[in-house]
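Pulled from TrEMBL, these are the features on record:
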type	residues	note
DOMAIN	1-106	domain 'Nodulin-like'
DOMAIN	159-360	domain 'NFD4 C-terminal'
TRANSMEM	25-46	transmembrane segment
TRANSMEM	58-78	transmembrane segment
TRANSMEM	90-111	transmembrane segment
TRANSMEM	159-181	transmembrane segment
TRANSMEM	201-224	transmembrane segment
TRANSMEM	231-250	transmembrane segment
TRANSMEM	256-277	transmembrane segment
TRANSMEM	289-311	transmembrane segment
TRANSMEM	331-354	transmembrane segment
Amino acid sequence: GFLGLSGAILIQVYNALCQGDPTTFILILAIVPTLVSLTLMPCVKIYKTTTFDDKNHLNAFSAIALIVAAYLMLAIILENIFSFPVWGRTITFIILLVLLASPVGIAAKALKEEKDPLERYHQIPGEPDQTTVGSSSGVDLFRDDEDDEKDMNLFQAMVTVNFWLLFIAMICGMGSGLATINNISQIGESLGYTTMERSSLVALWSIWNFLGRFGGGFISDIFLHKGWARPLFIVITLATLTFGHLIVASGFPGNLYIGSIVVGICYGSQWSLMPAITSEIFGVRHMGTIFNAVAIASPVGSYVFSVRIIGYLYDKVAEGEGNSCYGTKCFMLSFIIMASVAFFGFLVALALFFRTRWFYGQLVVRRLRRLSIS
């Protein structure tokens, strides 16, 4: 979710610190991420917690994420309605920094609970560990022997049909979604949107992206425990994405506001659904490698749609000074093609859903069994 918000956060950094100087902004992007990682990596430690603690901390963290998203949306709208002076942008940025630093309080509270013996469950000396009850050999009661069979490495995953179905679906979804944001400012210009409106669309995209990432995983997890296979939500998002591209292609007044919301939420939701599906189908042992292999679909799809489709077709209809284009003709065909591709991705994801429906039924049964044991 915070990754989705990062674009809007960086816009606030640009407004407050760079004051219209792009070279300073690029310098910040070159230095700060590495500096932050090197500075904070000694703080990363492993602590033993309970499921109850984790859930409480996660709920608090989620609440902060939602508050940050709401604050950013309000700040973006107000900044585009009113012309903020430098001191106003500085105050807005300071408030944002306070909100972004607030999860430190959650970590401090968790650390305090870890050290407070009255707030923590402690195993009675001499009693066996709960996870090894009924097993003198120390076998984890919560572990299913079938799990090992599903922990595939990258090469094992790549020879399965499920991997390529997921990969193709992500090219159609992530690739076309990323191509939309790459070109949204130029689309707005061709349709007569003002500079302020185009800036708002680009900034607010981060909010819709966040809502998709946050809500897609959260909602699918709720329905997963009710027996719904998670790939079904990939099917739903790709079907919705098809209509989102058609809205952008239509060119009616205000279409980009509606279209950007639909495409942004669908694009973001796929970034939360895909890693979860990857871990569930192929196992968690090599999940990082497999997940990043599937994630290549996003830049591959973006290149094909942005350069080979949108760029090529735009150049064919562009005319006048600066090879520019105005009107619905500039992007209509491109987004009709992308809508067709998204619909094809919908069919591919539907095939993945039917192939994994039985597996997910078994997965939910095992999870519920573990919860009942705990």
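Every residue gets a Cβ built from N, Cα and C, even glycine.
TrEMBL annotations: computationally assigned, not manually curated.
These numbers come from a predicted model, not from an experiment.
Note on the transmembrane segment (90-111): residues 9, 12-13, 15-17, 47, 49, 53, 57, 60-61, 64, 67-68, 71-72, 75, 79, 84 of its chain, located 6 or more positions outside it, place their CB under 8 angstroms from a CB of the stretch. If you look at the transmembrane segment (231-250), the same-chain residues 6 or more away from its ends with a CB under 8 A from one of its CBs are 169, 172-173, 176-177, 180, 187, 212, 216, 219-220, 223, 256, 258-260, 262-263, 266-267, 269-270, 273-274, 277, 328, 331-336, 338-339, 342-343, 345-346, 349-350, 352-353, 356, 360. Taking the domain 'NFD4 C-terminal' (159-360) as a whole, pLDDT averages 92 in the prediction. Residues in the domain 'Nodulin-like' (1-106) partition by DSSP class (helix H, G, I; strand E, B; coil) as 90 helix, 0 strand, 16 coil.
Taking Cβ pairs closer than 8 Å, the transmembrane segment (256-277) reaches residues 3-4, 166, 170, 173-174, 177-178, 180-181, 184, 187-188, 191, 193, 201, 204-205, 207-217, 220-221, 230-231, 233-234, 237-238, 240-241, 243-245, 247-248, 287, 291, 294-295 in its own chain, all 6 or more past its ends. A Cβ distance under 8 Å defines the sequence-distant neighbours of the transmembrane segment (58-78), meaning residues of its chain 6+ beyond its ends; these are 1-2, 5, 8-9, 11-12, 84, 92, 95-96, 99-100, 102-103, 106, 200, 203-204, 206-207, 210-211, 214, 218. Contact between the transmembrane segment (289-311) and the transmembrane segment (201-224) does not hold: fewer than three of their C-beta pairs are under 8 Å, each pair 6 or more apart in sequence.
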